[in-house]
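Student: Annotated active site, proton donor per TrEMBL: Glu67, in sequence order. Residues or ranges marked as Zn(2+) binding site in TrEMBL: His65, Cys91, Cys94. Under the heading domain 'CMP/dCMP-type deaminase', TrEMBL lists 1-126.
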Amino acid sequence: MAVAFLSAQRSKDPNSQVGACIVNAENKIVGIGYNGMPNGCSDDLLPWRRTAENKLDTKYPYVCHAELNAIMNKNSADVKGCSMYVALFPCNECAKLIIQAGIKEVIFMSDKYHDSDETTAARLMFEMAGVIFRKFTPRCNKIVIDFDSINSQPSQKLQ
């Protein structure tokens, strides 16, 4: 889950930073992704707004979700039988992709849109397709990355 959260930091979305990490049966990473604009589409030219009079002036018609990007960025032939760690419970469109890709388990951190039609549909499709979904229970609430540690002196010199 930490890798999913770390990849989310790459998102330029000012409101929602979501990351996803796909692992195989050996818990080796086979794909990561975050929510962002499609390849070749400028993050600076397309809108990041959540609301507008015209839907085309919002981010929703354009943004690729973290789940889609993780599947597309996979480093293996397929992700069949893999598990996906994702910061936010998938929407219905991502659920379709997850099912079609053959991912068998979804581990999510937040389900803040639990009562929305999109997540209700996603849960229904996961249940019908036999995709296991469960809330992640962290062992700790915070992970600190100390970038200065690389410069620290070793306690013993290598012989």
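For all residues, glycine too, the Cβ spot is worked out from N, Cα and C.
Help me see these features in their spatial surroundings.
Tutor: The DSSP secondary structure for Glu67 (active site, proton donor) is helix. The Cβ of Glu67 (active site, proton donor) has 28 neighbouring Cβ atoms from other residues within 10 Å, across all protein chains displayed.
Cys94 (Zn(2+) binding site) counts 25 other C-beta atoms within 10 Å of its own C-beta, drawing on all protein chains shown.
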Student: To test your reading of the Zn(2+) site: which residues beyond His65, Cys91, Cys94, same chain only, put their Cβ within 8 Å of the Cβ centroid of those residues?
Tutor: Ala66, Glu67, Leu68, Pro90, Asn92, Glu93, Ala95, Leu97, Glu118, Ala122
Student: Give me the CA-CA distance between Cys94 (Zn(2+) binding site) and Glu67 (active site, proton donor), in Å, as a whole number.
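Tutor: Distance between the two Cα atoms comes out at 6 Å.
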Student: Give the distance between the Cα atoms of Cys91 (Zn(2+) binding site) and Glu67 (active site, proton donor), rounded to the nearest whole Å.
Tutor: 10
Student: If you count Cβ atoms within 10 Å of each one, which of the binding-site residues His65, Cys91 comes out on top?
Tutor: His65
Student: In terms of DSSP three-state secondary structure, what is the assignment for Cys94 (Zn(2+) binding site)?
Tutor: helix
